[in-house]
Amino acid sequence: QNVEVGNFGGWEIISQRMKEANKITANYIDLLKQVASAMDTFGRALIKTARDSRLPDMEHGELKASLLAARTSVEYWGQDSVDAADAITTEVTQLSQYLTQAKLICKHAKEQAKQRQQQVREGMRRVQQAQRESQKKLQELMDKETNKLRVDSKPDAKPKELEKALQAGVRSVEAAKEAELQHKDAVNFHNAVLNEWCSYAHSGFNTFQNKEEHRVRLVRDSLWRIANICSLFAVQLDQHQESIRTALIHVDVAKELSTWVAIHKTLQTPPIPLVYTPIARSSLNTPSASFSTSARSTLTEVSEDSDSSGRSSPIPLYKARALYQFSARSESEVSLTEGQSLVVMDVCNAEWSLVRTNTGVLGFVPSKFITAAPVST
């Protein structure tokens, strides 16, 4: 740098590079902040989703356990993402502290350099001004010497003129000496200021170099730690995904669906049987007879009609099939199994029907427990 004319280009180049280095570090910090924010948001969303999700209470077998394991893995996955975001935030805090300190140092160095550069420029102006003044005084001295020689060479020169020329020469010599002394002082002052500036610039360059080396080392170590964090998070991500996949693949979907359908089918409540009240017949003496007596009488009549040789057998109405299982609760009723074939002998009313089983047993069953229409033969 040509400090003699006030050109500090070298210092400006170093300062600009330090400024660019701080800008690069700031951009790197902003990137880490965005990554940490995204990972934290992602992790908290997974945790909230896992904690808010509900598992079906009526599921049995391996399905509910697998869903619970998958939900737990998702929650752990989210927590690992939040932990990784916190680790990145710690790196951001360290880098931000360094960047703040580096900016303060650069600002202070810039202010000090500006002040010392101004002193160097001021010293250079004083030297130039003193040099011009010295040259002017020297020119005046030469003019006075020439005038004195001219006066001394005149044959008719008066003593007064000679004295005046001599005094003017003496004053010119003193003025030239004073100007030369001022010029020398200005040069000494400029050299002193210049030495101070050079010492400060050398120290500043060393400081900048140390800071730059520290910045590069800090960013390099930070990148290494971020890589380790991301690598660990990737391993944990693979583990959680494998855990979820294993938990879900372990489930026999066809078996679980069959079990679910069977459970929900058996949980259905069949129609509640109603108490059958037979229609009163003319042969009955007491219309208010009990259900058991009336039903027994009807069954007896049907049996007698079918066993009597002098009378024809009762004619079946149609064939039917049992829709549900039915357990007889009295002697007049007959038990049924689901899908059992039977013959409808008489439809007493909309609630009860008289049927004959394959074994020839007669009895009443609820009309809703058998097919409502005849079965084609």
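The backbone N, Cα and C atoms fix where each Cβ goes, glycine too.
Per TrEMBL, coiled coil is recorded for 110-147.
Annotated domain 'SH3' per TrEMBL: 315-375, in sequence order. A mean pLDDT of 83 is what the model gives for the domain 'SH3' (315-375).
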Seminar exercise, completed: Residue counts for the domain 'SH3' (315-375) under DSSP, helix then strand then coil, are 3 helix, 27 strand, 31 coil
